[in-house]
Amino acid sequence: MRRHRPYLDGVAAAAATFLLAVLLHAPLAAGEDEPPPWVLCGPYPPSGNYSKNGTYQVNLDLLSTTLPKNTSSSPAMYATGTVGDVPDKVYGLALCRGDANASACERCVAAALRDAPRRCPLVKDVLVFYDLCQLRYSNRDFFLDDDYFVTTYTLQRSRRVGAAAAAAFDAAVAVLVNATADYAAADSSRRYGTGEEEGVDGDSDRPKIYALAQCTPDKTPEVCRTCLSTVIGQLPKEFSGRTGGGMFGVWCNFRYEVFPFFSGRPLLQLPAFVETPPPPPSPSATSGEKTKNRIGTVLAIVMPAIAAILLMVVACFCCWKRIKKRRPEEQTFLSYSVSSDDIQSIDSLILDLPTIRVATDDFADTKMIGQGGFGMVYKGVLPDGQEIAVKRLCQSSRQGIGELKSELILVAKLYHKNLVRLIGVCLEQQEKILVYEYMPNGSLDIVLFDTDKNRELDWGKRFKIINGIARGLQYLHEDSQLKIVHRDLKASNILLDFDYSPKISDFGLAKIFGGDQSEDVTNRIAGTYGYMAPEYAMRGNYSIKSDVFSFGVLVLEIITGRRNTGSYDSGQDVDLLNLVWEHWTRGNVVELIDPSMGDHPPIEQMLKCIHIGLLCVQKKPASRPTISSVNIMLSSNTVRLPSLSRPAFCIQEVSASDSSNPYSERYPRPRHSGYSDNSTVVSSNDLSITELVPR
């Protein structure tokens, strides 16, 4: 049977008149689901009927010819439209599920427009929900309505878990659904998210759970999350103990099941929900364990480090001999194969050399703003007034041609607001030049590690930078047409625009993964000490989790204002990761917060970011979160952060009397009261290792 209930949006309660909810529990044939579509005829206070073959029906038929194609051709698979004039004007809206392809989307919307008049004959206001799409048309302008119409449904095969397990299962569902809602609200392009939460092995009442959440993409993150929060709030009442259910609405919807019901890999993956986290180790126990394991820990770090250094010395010698034998003509740009697709993507970006010479005053020294691993970077202005950054490969040096080609092909295919944008390329007269949008605030390291400039970075800007880097990295790892590992994520490769929004740059060392590939190995290590993941620095194994490690280092650098010196050298007594970890375990990590941010920073939010940073630099790649999970952690207050273990490359602390104490003058503590105005920058991690290989 069906029943109706009203509910109000928390934000727009004053404006909304009421909300209609329908619980579908109609008996079905054994073993069958209630088949879509779910249809509501006249969901709002009755708006009347239209006349057969009248003006309203003509307008509705016209809408039916355009709305399916408009929806499927939209990047977000969402469209609205109007036809005719009041009082016979038709307002229409269609949204396809985020995992639907364009053809399936178009078919679904077309079917909904055919079915709706048959199921609700001559009704002016109709709401239809299919599995892959939803449709509403009305004689009312509902596009700016503050209220939501929601239908709640459960599938017949949805069962109830045992009474004893219901509370734990409901809690697990709530964690996943809320995290997925956070993801959807944060998705700037589609407002769509899917999630998966691991089950508990051997417990039939705690299976793996899948969830999907979506809003119409025209909603802001705040409105989307408010809508989802409101409908998710019905979980305890409607779905307690049930293994599946969901709600459809005009502006937002969610669903969860214990089986995969959406296409593709979940965008969010969570570990099994644990009701009671294990208690933290006592200080005395931690101290005892440190003493017991000190020798083993030091040996575990020192021996691989020595072996790695010896291997790198041998590798450098071999490379030197190989380069010495190489003839100049062998090292040309054309020696690096370029596919026809690559050429097609590059062709539209070609700039002529005279234009670039004029833009940079013929590469004047006064226009030089930096130096990369392959040459100089100049500031320029195109004839239309656009400011540009020009990266010019040194003609006298053959180093970097492979990097240039790799970067050109990759960046030409990528577009995201947190990736630096490629404007053009010039390959005339033996010049190899890339032209990028100009970033007025330079690179992050220039601002962050300068004792004067870092005062420009208050916590709001730093948190925006952390979020932006994470979103850009997620695009590279999961959301772009290519699956890319950057391999050289560091502060100097994060550029800042006029309002300090970050953009990831320098894709010369990036690698593309195909299909389901998640990791690879190389005997040519390339990157920057201090940011390399241990498995990459020591064994050449790299994956998306290598980038996550680099991101974690960046987070800790941004919060503390200190460079990570790295600890691949066994003679290095301490690095930033160790410093943060020791303070974290002692409960005084707040002392490491960069004092240049002022007197009253949001400590709780900073501690959360430090926790996330430490999660990202765990020694084992499997212990690090995916970057999509990091984005959820950053944007959500409902996700419980996993517990921490000692990060990679941490060396046991020395005694307080030791002259190499990490809290000596080399690493002075900021004064806790009011924070000190003095900021100490430790030794630079500017050592990069690059071995260029034709790709």
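Note: Cβ is positioned from N, Cα and C throughout, glycine not excepted.
Database features (Swiss-Prot):
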SIGNAL    1-31  signal peptide
TOPO_DOM  32-294  topological domain 'Extracellular'
DOMAIN    38-142  domain 'Gnk2-homologous 1'
CARBOHYD  ASN49  N-linked glycosylation site
CARBOHYD  ASN53  N-linked glycosylation site
CARBOHYD  ASN70  N-linked glycosylation site
CARBOHYD  ASN101  N-linked glycosylation site
DOMAIN    151-261  domain 'Gnk2-homologous 2'
CARBOHYD  ASN178  N-linked glycosylation site
TRANSMEM  295-315  transmembrane segment
TOPO_DOM  316-695  topological domain 'Cytoplasmic'
DOMAIN    363-634  domain 'Protein kinase'
BINDING   ILE369, GLY370, GLN371, GLY372, GLY373, PHE374, GLY375, MET376, VAL377, LYS391  ATP binding site
ACT_SITE  ASP488  active site, proton acceptor
REGION    658-682  region 'Disordered'
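Take the Cα of ASP488 (active site, proton acceptor) and measure to each of the recorded positions ASN53, GLN371, VAL377: the nearest one is GLN371. Across the range of the domain 'Gnk2-homologous 2' (151-261), the DSSP-based residue counts are 41 helix, 29 strand, 41 coil.
For the pair GLY375 (ATP binding site) and ASN53 (N-linked glycosylation site), the C-alpha distance works out to 72 angstrom. Cβ neighbours of ASN49 (N-linked glycosylation site) (same chain, under 8 Å, six or more residues apart in sequence): LEU122, VAL123, LYS124. With a cut-off of 8 Å between CB atoms and residues at least 6 apart in sequence, the same chain places ALA79, GLY81, ALA94 near ASN70 (N-linked glycosylation site), listed in sequence order. As a summary of secondary structure, the domain 'Gnk2-homologous 1' (38-142) carries 37 helix, 29 strand, 39 coil according to DSSP.
It is 71 Å from the Cα atom of GLN371 (ATP binding site) to that of ASN53 (N-linked glycosylation site). Taken as a whole, the topological domain 'Cytoplasmic' (316-695) shows an average pLDDT of 77 in this prediction. Of all the glycosylation sites in the record (ASN53, ASN101, ASN178), the one with the smallest CA separation from VAL377 (ATP binding site) is ASN101.
Of the recorded positions ASN53, ASN101, ASN178, GLN371, ASN178 has the largest number of other Cβ atoms within 10 Å of its own Cβ.
Put simply, ASN101 (N-linked glycosylation site) is 45 Å from ILE369 (ATP binding site) when counted between their Cα atoms.
Around VAL377 (ATP binding site), taking its Cβ as the centre, 17 other Cβ atoms fall within 10 Å, counting all chains.
Cβ neighbour count for ILE369 (ATP binding site) (all protein chains, 10 Å cutoff from its Cβ): 16.
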